[in-house]
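A.B. asks: Take a look at this one; I'll ask things after.
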Amino acid sequence: MRAFVIGNAAIDETISVDGLPEPGVSILGRIASRDLGGKGTNQAVVMARGGLATTLVSATGEDFRSATIREQLAEEPVDARLVCLGGVSTDFSMVLTTPDGENSIVTTTEAAEALPLEAALDVLGEAAPGDFLVMQGNLGAKTTEALLRSGGERGMVVAFNPSPLRPYFECLWPFIDIAFLNESESLSLTGRTGRDAAEALHARGIRQAVLTSGTDGAILSTAGGAAIHVPAVKTKAIDTTGAGDTFMGAALASSALRGGALDERAISHAAAASALTVARRGTRRAFPSRDELAEIFAG
Ligand code: ATP
């Protein structure tokens, strides 16, 4: 089984601040890290480090950030298919982190929105029924819908993380098998959290819903079955950037490597993996290593 992640690649510029700025206020900060990021890339890196054969399709510009993305991805076990586009800026995120591990993130999507549909569809032509198609909200509306639809037509298992929030998500639910939402996404998209949100998602045709809520852990709900709560693993959080991406990547890899559907064990593995990520600063550099994921998945 393989995973195909079609999403963004970005450079995360992380700045440590004492508190998040109020509108109109200038504050001081210090550069904490410059790291490979972008939700699509993050999820692909975690899945690949977990041992699942993973292909990433992403667009970049032709600038210094694009070169950094290539260099860093070359060090990962990801089959990276980067589409280099002239005339667009490579995407980046400004990440503000506070001492208690909170963050605020602004991400540009110029390159992600310019990803040519044909290039992504060409790569999807390599997929077999049962492979994962993993997507997020950074690409353009038409591209996202066409790729999700194509994944379904090819018999792929379609996993979607509706982040960052977009007005066009409402028409995507019919194409999605598994959805991963954090609390704010869940509130915005369903008006509810936890088990109630899962029910609302099942009513829209989602087979499995995973609702994460930081230190309160996560719920896995399967249509027609009982919802399972898995607690977060206690740790000292330093920087929560990428917690949700680690969680999704680890959960999908854990289930795929055991050849089955997403289950309680996969969600426990995801909780352990994301606890490692939040205890370290940065994005890619904070993710669990191959050895750490192998140890987690053995449990
Ligand atoms: P982010 O946007 O920061 O990447 P998110 O908002 O998408 O994360 P969360 O619900 O905050 O996602 O976290 C995902 C999972 O990561 C949680 O279900 C939990 O298992 C783990 N996690 C997050 N924060 C902590 C923490 N402080 N301590 C331990 N585990 C955590």
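Placed from the backbone N, Cα and C atoms, the Cβ positions cover glycine too.
Quick paste of what TrEMBL says about this protein:
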ACT_SITE  ASP245  active site, proton acceptor
BINDING   ALA10, ILE11, ASP12, GLY38, LYS39, GLY40, THR41, ASN42, ASP245  substrate binding site
BINDING   ASN182, THR212, SER213, GLY214, THR215, ASP216, GLY217, GLY244, ASP245  ATP binding site
BINDING   ASP239, THR241, THR277, ARG280, GLY282  K(+) binding site
DOMAIN    4-288  domain 'Carbohydrate kinase PfkB'
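Give me the lay of the land around each of these features.
C.D. replies: Counting only same-chain residues at least 6 apart in sequence, those with a Cβ under 8 Å from the Cβ of ASP245 (active site, proton acceptor) are LYS39, ASN42, GLN43, VAL46, ASN161. In the three-state DSSP scheme, ASP245 (active site, proton acceptor) is classed as helix.
A sphere of 10 angstroms centred on the C-beta of LYS39 (substrate binding site) encloses 28 other C-beta atoms.
Its Cβ taken as reference, GLY217 (ATP binding site) is surrounded by 16 other Cβ atoms within 10 Å in the chains shown.
In the three-state DSSP classification, THR277 (K(+) binding site) falls within a helix. Within its own chain, THR277 (K(+) binding site) has THR240, GLY242, ALA243, THR246, ALA286, PHE287, PRO288 as residues 6 or more apart in sequence whose C-beta sits under 8 angstroms from its own.
Mean predicted confidence for the domain 'Carbohydrate kinase PfkB' (4-288): the pLDDT average there is 96.
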A.B. asks: Going by DSSP, is ASP12 (substrate binding site) sitting in a helix, a strand, or coil?
C.D. replies: strand
A.B. asks: Of ASN182, THR215, THR241, the binding-site residues given in the record, which has the fewest other CB atoms within 10 A of its CB?
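C.D. replies: Comparing Cβ neighbour counts within 10 Å for the binding-site residues ASN182, THR215, THR241 gives THR215.
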A.B. asks: Distance between ARG280 (K(+) binding site) and GLY217 (ATP binding site) at the Cα atoms, whole Å?
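C.D. replies: Counting only the Cα atoms, the answer is 18 Å.
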A.B. asks: Let me know how many other Cβ atoms fall within 10 Å of the Cβ of THR41 (substrate binding site).
C.D. replies: 30
A.B. asks: When you measure from each Cβ to the nearest atom of ligand 1, which of the binding-site residues ASN182, SER213, THR215, ARG280, GLY282 fall under 6 angstroms?
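C.D. replies: Near the molecule: ASN182, SER213, THR215.
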